[in-house]
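Engineer: First the structure, which I've put down as structure tokens, then a few questions once you've had a look.
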Ligand SMILES: C[S@@+](CC[C@H](N)C(=O)[O-])C[C@H]1O[C@@H](n2cnc3c(N)ncnc32)[C@H](O)[C@@H]1O
């Protein structure tokens, strides 16, 4: 997946991919049919392609029990993954992104970082997929400990609310993929969407809000508004953000 | 942004063709067949008689193709639903429609909870709805009930809905190769949020689900059929795949069956018999059915027998077993067939010999009953098939039409790169800021 080869889209001076070659439509329709490969089941996800240093192909020394624990849904240009990579160097993480060009950009970006920083950034990767349909194809029950939904597309119109990446029904799937105690992080600069995400989480029987204290103690929380490209844009424009961070709990009997 | 037309299938012309369906009362008190929008019921009490349905709500009972029918476990109610976005609940005593529920979308599958208190139905957008029947009295006049959303497969067509034999789980299958097992909650109207497992392994749409259960294994095992032409056996509590049976290959059907097509024939229907480990499998283009036997202790599937139906073109579109008399009831048929005098047709056949005593697949001797041997005899056939005699070639065309409709609806379109680009260019949602 992340193979190394020279690319004209890589900046000669920084060795990093140039974003302008990876411009894409601002929004993709998550409902339309897919044209990308989908793993048949989580056991079909090829970890050696995503994390070649952790899973050396045809080697028995693989720590093969290791699984992806963090998922950045709609990762965009990948800023969060890159910040988290060094913060949790032992944790495998993946970004899921619907737009192919954006996914390609993130791939190149990670490869370039791996080359520039030997031994680092081996724990992050990206896959092109529709997270609304294929989360169960990637993660087993309870596999994840963190899920991120940073600045998701707002889909303002009432009739498009079902395209929102946070909804009661989709939370059922996220609750399945997250282990008990796992945390779901959401943030947006759109007040209405912030209210919506909070309301969905609040009313769901398998999630409870983190307390203020817990939020302060969690080093990830401050990254929500600062680590991603979208977050930085909002910050530059002095925009407000709306956050909802919830823990996966056992369903009441 | 426009919605992609493929996602809901409502824009397809071909899918108006609907396969005939059959369902048998759990104690074989009546049999129901649907052809298109028509629901035909035959009462098997006494010498048997055709049933006249009574529905005080609107004119015709259903205004468009019926896509799902089912008797409740105790046989007291019967549910029919389909493309007219109506779910009708009938009393099997009076055959009055006791309740009509409106759906927002076309309905693709129905299931009744084992205690008979809830009707669940799935729509073309992947949402499963629930209606509680608490206050519905089979002797009362019509009640209008509202359905609430219970769970959803994100924008996929749900093809089958099944309760586990112990009633703890509701299982839903979809076009995206997926089977979801959800805990059926105490208060289903509040939603079914706890996913027990996903059963993943099929490589095409999942078309049908059924449970094999016996007194030794009362919780049962799930079997599923798919467009990938396999039947698979699952442990629903973990979602693990126990066995895969490539039915066509194993049953030696490939040679005789494949007329040069490169794709496999889809499994179109699965039928299990309570307390029996035999599974009847209907396959596209097969004249007859394949019987699989399921070894529940070894957790394997194997071919027990191929039962061919000789003398006429009979490719079952639906089959249901009636276990009380050891009969497997099948129907072949279709509605809205273009270019023929008889746009709708149905043919009912029965295979006997599914008695518990001869469970051993080696000794099992299925018999295809002649028309004069079947319960209800010609009177039943006249009601359920309609009185017209239909030519051979029409049945062949019907089988073809059902096949095309199924693949149009459920098989993912493989667009070439150029076509995809063209589709993108011609979309009306391109005014996006870059
Ligand atoms: C506004 S961007 C935010 C990106 C990033 N999280 C950030 O904060 O910069 C939303 C991203 O979600 C992606 N997306 C939308 N629907 C998706 C889906 N169903 N599956 C995966 N990604 C999706 C979009 O392509 C887009 O890149």
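Any Cβ shown, glycine's included, is placed from N, Cα and C.
Grabbed the feature section from TrEMBL, which reads as follows:
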{"type": "ACT_SITE", "residues": "A:153", "note": "active site"}
{"type": "BINDING", "residues": "A:74, A:97, A:98, A:130, A:131, A:150, A:228, A:229, A:230", "note": "S-adenosyl-L-methionine binding site"}
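How buried are the listed features, and what sits near them?
Structural biologist: In the three-state DSSP reading, residue A:153 (active site) counts as coil.
DSSP assigns residue A:74 (S-adenosyl-L-methionine binding site) to coil in the three-state reduction, outside any helix or strand.
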Engineer: Inside 10 Å of the Cβ of residue A:153 (active site), count up the other Cβ atoms and send me the figure.
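Structural biologist: By my count, 18.
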Engineer: For residue A:131 (S-adenosyl-L-methionine binding site), what is the tally of other C-beta atoms lying within 10 angstroms of its C-beta?
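Structural biologist: I count 26 other Cβ atoms within 10 Å of it.
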Engineer: So for residue A:230 (S-adenosyl-L-methionine binding site), how many other CB atoms are inside 10 Å of its CB?
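Structural biologist: Excluding its own Cβ, the number within 10 Å is 20.
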Engineer: Measuring Cα to Cα, how many angstrom lie between residue A:230 (S-adenosyl-L-methionine binding site) and residue A:153 (active site)?
Structural biologist: 11
Engineer: Only counting partners 6 or more residues apart, tell me which same-chain residues put their Cβ under 8 Å from the Cβ of residue A:74 (S-adenosyl-L-methionine binding site).
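Structural biologist: Listed in sequence order: A:96, A:97, A:98, A:131, A:149, A:150, A:152, A:153, A:165.
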Engineer: When the number of other CB atoms within 10 A of each residue's CB is tallied over all shown chains, which of the binding-site residues A:98, A:228 has the maximum?
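Structural biologist: Buried the deepest by this measure is A:228.
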Engineer: Please state whether DSSP places residue A:131 (S-adenosyl-L-methionine binding site) in a helix, a strand or coil.
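Structural biologist: It is helical.
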